[in-house]
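Structure first, commentary second.
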C-alpha cells in the first residue's frame with residue numbers, strides 16, 4: 001500500500017453510549033471490591049431522565065445500584081435538568097438476575113487453571129510502533145482530543161462546554177508511514193449562549209492545537225468544528241445510550257480486526273474482555289521486543305474449555321523472526337487459558353471503570369499495557 005488515508009473516531013465520557021459503559025463498569029468495580037470471584041454481566045440503557053441497569057450477576061456482595069449510577073452520571077457532568085439529564089433527579093431502574101447455572105458448571109473448576117471459558121468466541125489484539133504507546137495514531141489522537149475536551153470543560157477553561165463530544169481524525173500515510181493529518185472533526189455539545197465563531201476559535205486554540213503535533217498539520221489540513229452549526233441538545237436527551245455500542249472506539253479505531261464482543265460490565269471470566277486484553281498484551285510485547293513492527297493476535301475459545309481453540313499471529317510482513325517461531329514464543333511465554341490470563345494480568349481488581357471512556361488500550365496504567373516480557377521474548381528469539 002503506497003499513499004492512503006485512514007480515519008478513526010472517538011467519543012467523550014458524556015456520549016450516551018459511554019455513559020452506559022461507565023455505569024456498567026462502575027457496578028462491576030463495586031462488586032469486585034467486595035467479591036473478586038463474582039460473575040457479572042451488567043448492561044445499561046440511558047435515555048432522557050432515566051437509566052435502566054440490567055443483566056446477570058452472581059455474587060456475595062451487596063451494592064447500591066442507584067447510588068453508583070447517580071455518582072457516575074454526576075462525575076461525568078450531567079448535573080442540571082437543562083441538559084436533559086440530571087444525576088440528582090433521573091429515574092434509576094434495576095432489572096438484574098443471576099448468571100445461568102448452565103454457564104457456571106462450564107466455567108467453575110476445582111483446579112482454577114482448568115477454569116473454562118465463559119463463552120465461545122474470537123478476540124483480537126494489536127500493536128504497532130507508529131506511536132510511543134504502540135497504538136495506531138488515528139485512534140490515539142482521536143481519544144486525546146475528546147480527553148482534552150473533558151479537561152478544559154471540567155477545569156473551567158471553556159465553561160460553556162457540555163459533556164457530549166465526538167472527534168474524528170484522518171491521517172495520511174505513505175508506504176505505511178505517517179506523513180500528515182488530512183482532516184480533523186470535532187463536535188462538542190455547548191451552552192446556548194456561545195456563538196459559532198467564538199466556539200470554533202476556542203476549540204482550535206484550547207483543544208486541537210495543544211493535542212495534534214504541529215509537524216503533521218499543514219495548510220491543506222481540513223478542520224470541521226461543530227460543522228452543523230449547533231450542538232445544544234446532546235447526551236441522553238439527544239440519543240439513547242447502550243452498553244457495548246462503541247467497540248471500535250474501545251479498541252483500535254478500525255485499524256485491526258474485532259471479534260465482536262464488547263467489554264464493559266463483564267467480569268474477567270468473560271473472555272470477550274479478558275482475552276482481548278491478553279491479546280493486546282501479547283501483541284504489544286512482540287512489538288516492544290522488536291520482533292515485528294506491527295502485530296495482530298487472534299485467540300479463540302469454546303465455552304467450558306480452558307485451552308484456546310486457536311492462536312494466530314499476523315505481522316503483515318514486518319516480522320524479524322519466522323512466523324512459526326513467533327507462535328512458539330507466544331505459547332511459551334503467555335498462558336492464555338482463562339484463569340492463566342487473569343493471573344498473568346492480575347484482573348480480579350476494581351480497575352474497569354477507568355477503561356470505559358477514552359479507550360481500553362494505549363494508556364500505560366493498565367496491566368495489559370506492560371512490556372515486561374519484551375526482553376524475554378527478544379532473548380528467546382536470539383535477537384541482539
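Each residue's number is its place along the chain shown, starting with 1.
Using the three backbone atoms N, Cα and C, a Cβ is placed for every residue, glycine included.
Given the structure is predicted, the values throughout are model-derived calculations rather than measurements.
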Region 'Flexible loop' per Swiss-Prot, picked from 77-87, 88-98, 99-109, 110-120, is residues 99-109
Which one is it: of the binding-site residues 17, 56, 270, whose Cα lies the shortest distance from the Cα of residue 230 (ATP binding site)? 17
Spatial separation of residue 43 (K(+) binding site) from residue 270 (L-methionine binding site) - C-alpha basis, Å: 14
Cα-Cα, whole number of Å: residue 17 (Mg(2+) binding site) versus residue 239 (ATP binding site)? 9
What DSSP gives for residue 17 (Mg(2+) binding site), in three states, is helix
What is the one among the binding-site residues 266, 270 whose Cβ has the most other Cβ atoms less than or equal to 10 Å away? 266
